[in-house]
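Engineer: Features from TrEMBL:
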{"type": "REGION", "residues": "1-204", "note": "region 'Precorrin-2 dehydrogenase / sirohydrochlorin ferrochelatase'"}
{"type": "BINDING", "residues": "H22, I23, P43, E44", "note": "NAD(+) binding site"}
{"type": "DOMAIN", "residues": "152-208", "note": "domain 'Sirohaem synthase dimerisation'"}
{"type": "REGION", "residues": "216-458", "note": "region 'Uroporphyrinogen-III C-methyltransferase'"}
{"type": "DOMAIN", "residues": "218-427", "note": "domain 'Tetrapyrrole methylase'"}
{"type": "BINDING", "residues": "P225, G301, G302, D303, I306, T331, A332, M383, G412", "note": "S-adenosyl-L-methionine binding site"}
{"type": "ACT_SITE", "residues": "D248", "note": "active site, proton acceptor"}
{"type": "ACT_SITE", "residues": "K270", "note": "active site, proton donor"}
Amino acid sequence: MDIFPISLKLQQQPCLIVGGGHIAYRKAVLLAKAGAVIHVIAPEIESNLLEIVESSQGQYVQAPFSLDIQLRNYRLVIAATNDKAVNIQVFEACEAEKILVNSVDDPPHCRFMVPAIIDRSPLVVSIATNGTSPVLSRQIRTQLEATIPHGMGKLADFSGQWRASVKAKIINPDERRIFWEDLYASPLKEHVFNDNIAEANRLIEQALLEWKTPKGEVYLVGAGPGDPELLTLKALRLMQQADVIIYDRLVSPAILELCRRDADKIYVGKARSNHSVPQEGINALLVEYAAQGKRVCRLKGGDPFIFGRGGEEIQELFAAGVAFQVVPGITAASGCSAYAGIPLTHRDYAQSVRFLTGHLKEGSPELPWKELVYENQTLVLYMGLVGLEKICAQLIAHGQRPNMPVALISKGTTPEQKVVVGTLADIASKVSEYQIQAPTLTIIGEVVSLREQLQWQG
Ligand SMILES: C[S@@+](CC[C@H](N)C(=O)[O-])C[C@H]1O[C@@H](n2cnc3c(N)ncnc32)[C@H](O)[C@@H]1O
């Protein structure tokens, strides 16, 4: 993070704008909204800017900027002239005095930036790009404007009025957060939006009266194969409300970024034959945190019920009497095949598809080989990289043609996705040639040949 966002309280604080034209006026409007006392120094001033200066109880000094000005009298300074050299002079003078300074449209000469703002006072959302793209900030602001109801400011005010009472009644901060989250998800919000404050007050009083320490719960959430945009809405919502996130190796950093920032994040690993926390330990962790009343998000790559041991985890929760929810995710077979341009079924090539684990017990394949050698069937192998050579050899030995197309999709749906196509006879030799790394999904079947036409990703 190259910039540190803060929210400044500027009511009654003297702020200086250097420049008297339209750019200065736009900044003055914002400062005035924040209650600042606005002073302007410039040889000339536009009448609308002068009005703002006067109504904020500030002063207009009709003069060019000079180093004699006592910058220490101001909380912050904005250099808004149309002369870049003057703006730089203002910047340097402020830096020498350690006064916060912004030179309009000149990021290298800014100590602070003015973000794009969504004003639902007292709720204020600011969006900044460290001066790299004001247009992008504005575009995001437009999107957010549409999604944050105008009544949000009233809700923030309402919450502020109740904050002390809620704090006095619910001492534990985690519980207090759950209280507010539940409240914001209840009809109370609509009453506040519609100015029905009496009813909103009644509801919050009742909720406080009936408040009980919440029971813990576990959300078993499928995070999909890697691209964060493949998360379901429900997954995202639960990831953002959980107190604890227990995640494994297949959960991409980009997805982890979307979890609640202050949630405890616990890595439980699980690379092949390197289980940072063994399965029994993970099960115990889930039960333990839930018993503490926490909302636990067990975040797993792909879908929790497809080669994800999700079933075992919820059996344990069931036995311990812990409440749980299961959120399906896009499994690697769906995500990787889509991003590789390989439809798993196709009227002309495959009427069925089988998901198999290639994780070989004690190194020897235990798959129903005979059932796997039909022509019009697609095979999808999870965890098949290590045993690939043996698996291909077995399929050929059981009658599959050696030139049957095979695709390896490594790190599918992520920016590092790599797809290598070959045949049953030669695919194993391509693993080291193309430096294919885990996680890799293997697709075997005639549908693989469609990639030539349907490929739309790297
Ligand atoms: C333990 S299984 C978990 C599967 C997961 N529950 C799912 O539904 O996708 C791990 C295997 O899934 C496959 N896999 C998961 N994510 C993948 C990805 N982004 N690209 C390629 N293969 C992936 C690999 O075959 C990997 O060895």
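Using N, Cα and C of the backbone, Cβ positions are placed for all residues, glycine too.
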Engineer: Based on DSSP, name the secondary structure state of I23 (NAD(+) binding site): helix, strand or coil.
Structural biologist: helix
Engineer: With an 8 Å cut-off on Cβ-Cβ distance and a minimum sequence separation of at least 6, pull the same-chain contacts of I306 (S-adenosyl-L-methionine binding site), or say none.
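Structural biologist: T331, A332, A333, F355, Y382 - these are the non-local Cβ neighbours of I306 (S-adenosyl-L-methionine binding site), listed in sequence order.
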Engineer: Relative to the mean position of the Cβ atoms of H22, I23, P43, E44, the recorded NAD(+) site, which additional same-chain residues have Cβ within 8 Å?
Structural biologist: G19, G20, G21, A24, A42, I45, E46, L49, A80, T81, N82
Engineer: Using G302 (S-adenosyl-L-methionine binding site) as the reference point, find which of the recorded positions H22, I23, P43, E44, D248 has the shortest Cα-to-Cα distance to it.
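Structural biologist: Nearest candidate: D248.
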Engineer: So, three-state DSSP: helix, strand or coil for A332 (S-adenosyl-L-methionine binding site)?
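Structural biologist: Looking at the DSSP assignment, A332 (S-adenosyl-L-methionine binding site) belongs to a helix.
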Engineer: Among I23, A332, all listed as binding-site residues, which has the most CB atoms within 10 Å of its CB?
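Structural biologist: Answer by Cβ density within 10 Å: A332.
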Engineer: Excluding near sequence neighbours, so keeping only residues 6 or more apart in the same chain, what lies with its CB under 8 A of H22 (NAD(+) binding site)?
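Structural biologist: When sequence neighbours closer than 6 are ignored, H22 (NAD(+) binding site) has E46 within Cβ distance under 8 Å.
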Engineer: Find, among the recorded positions listed as E44, D248, the one whose Cβ has the highest number of other Cβ atoms within 10 Å in the structure shown.
Structural biologist: D248
Engineer: Using CB under 6 Å from any atom of ligand 1, narrow the binding-site residues H22, I23, E44, G302 to the ones that qualify.
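Structural biologist: With ligand 1 as the reference and 6 Å as the Cβ limit, the list reads G302.
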Engineer: Measuring Cα to Cα, how many angstrom lie between I23 (NAD(+) binding site) and P225 (S-adenosyl-L-methionine binding site)?
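Structural biologist: Answer for this pair: 48 Å between alpha carbons.
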Engineer: What are the DSSP helix/strand/coil residue counts across the domain 'Sirohaem synthase dimerisation' (152-208)?
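Structural biologist: When I sort the residues of the domain 'Sirohaem synthase dimerisation' (152-208) into the three classes, I find 48 helix, 0 strand, 9 coil.
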Engineer: Going by DSSP, is G302 (S-adenosyl-L-methionine binding site) sitting in a helix, a strand, or coil?
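Structural biologist: Once the DSSP labels are grouped into three classes, G302 (S-adenosyl-L-methionine binding site) ends up as strand.
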